[in-house]
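Chemist: Following this message is one structure expressed as structure tokens.
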Amino acid sequence: MTRTAQKTDVGARSSVALDDFYGLEPLYTAEERRLRDTMRAFVAAEILPHIGDWWQREHFPPHLPRALGELGLLGVSLPKAYGGQGASHTAYGLVCQALEYGDSGLRSFLSVQSSLVMYPLYKYASETLQKRWLPPLATGEAVGCFALTEPHGGSDPSRMKVTARRVGGEYVLSGHKRWSTNGLIADLAIVWAKEEGSDQVVGFAVETRSEGFEARGIPGRASLRASVSSEVFLHEVRVPAENKLAVEGLRGPLSCLNAARFGIAFGALGAGYACFDEARRYVAERELFGESLAHKQLVQAGLADMLAELTKGSLLAYHLGRLKEAGQDTPARVSLAKRDNVRAAQRVARTARDLLGGNGILTEHASIRHLLNLESVATYEGTDAVHTLVLGREITGHNAF
């Protein structure tokens, strides 16, 4: 899926791949390219022909977890001993980008499975839990969800109301979580709660078949319609004490979110490139006043702006990947990349929709679907405003939350 400029009736042609305008390709390792290209081929063959229909029907393809697992695309940056590929963080980002070229909702599944479920198990769970859950999560035989956000507000997890009460060798979890991707199809939930007595935020690996665990869908969404958005109700759910994760305080869930935000900084560009490609094809074929739209100055200006946004975002994502591999991916650096690359993708999607004219609002075209999906991507894993305040605190030293 190298996207060089196509020859139009004007005869113009770029010798440079437009999805790699500044030549990052030689800087990726062979393994990074292999994993990315594996996902690209899967998306082209298995996602793009169907995603419009799935999105319309609010349908998540049930075969997706195992299909991605068979290709070795879940938890790619985890060690091979734990079911991963032992690949670089950049490889994970490129896999996210390739999948989001198809759809942000489907990439959300991969982000949750890899960064919000497999990562905390690898980082904080007992060896028993790791051996029990990481292999089937890597193959897609098991699906995980992450339950942090609550109905009263998601940007301040310190006000969490879900409780964990110690009773003998168990904890009893009670409360209500919202916006838990994969909740309805999950076998395992990573649930965050306030521990009674200490008032500390603690995490648990909770089997969804446990008595009192209930998940419900969230209907009526105009965004991420091919994703499984869920509410989770914990009705006195008993969890073995050994299922408690070895981390206390907000650094536990925030470390998971930081891993997911990293993937989103790459992933959002995939949605942007999909819109860019669609807009280029459309303006080359659509005629107005006796010639294709590609001849028009304002159309070319829009395409140039789109290319600039995506090229800058790609350079930012690449460098963030290398910083992460060097252990220098500070939360503020990740916040900047997540915020600005999602903003860039949104601007590209809006421009693409505009270039498609009235047809741009039809869901037979991908740009409106990506535009609507990106409204959610801009909100979850930290809103645009939250990331702005993270950067403001980094600059001034003052917390303005």
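Every residue, even glycine, has its Cβ placed from backbone N, Cα and C.
A quick note: this is a predicted structure, and the numbers were derived from the prediction, not measured.
Positions annotated as domain 'Acyl-CoA dehydrogenase/oxidase N-terminal' by TrEMBL: 29-141. The domain 'Acyl-CoA oxidase/dehydrogenase middle' annotation in TrEMBL covers 145-236. As annotated by TrEMBL, domain 'Acyl-CoA dehydrogenase/oxidase C-terminal' applies to 249-395.
Could you give the neighbours, burial and distances for every feature on this list?
Modeler: Taking DSSP states H, G and I as helix and E and B as strand, the domain 'Acyl-CoA oxidase/dehydrogenase middle' (145-236) has 6 helix, 45 strand, 41 coil.
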Chemist: Going by DSSP assignments with H, G and I as helix and E and B as strand, what are the residue counts for the domain 'Acyl-CoA dehydrogenase/oxidase N-terminal' (29-141)?
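Modeler: Residue counts for the domain 'Acyl-CoA dehydrogenase/oxidase N-terminal' (29-141) by secondary structure: 80 helix, 0 strand, 33 coil.
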Chemist: Could you give the number of helix, strand and coil residues in the domain 'Acyl-CoA dehydrogenase/oxidase C-terminal' (249-395) as assigned by DSSP?
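Modeler: In the domain 'Acyl-CoA dehydrogenase/oxidase C-terminal' (249-395), the DSSP-based counts are 121 helix, 4 strand, 22 coil.
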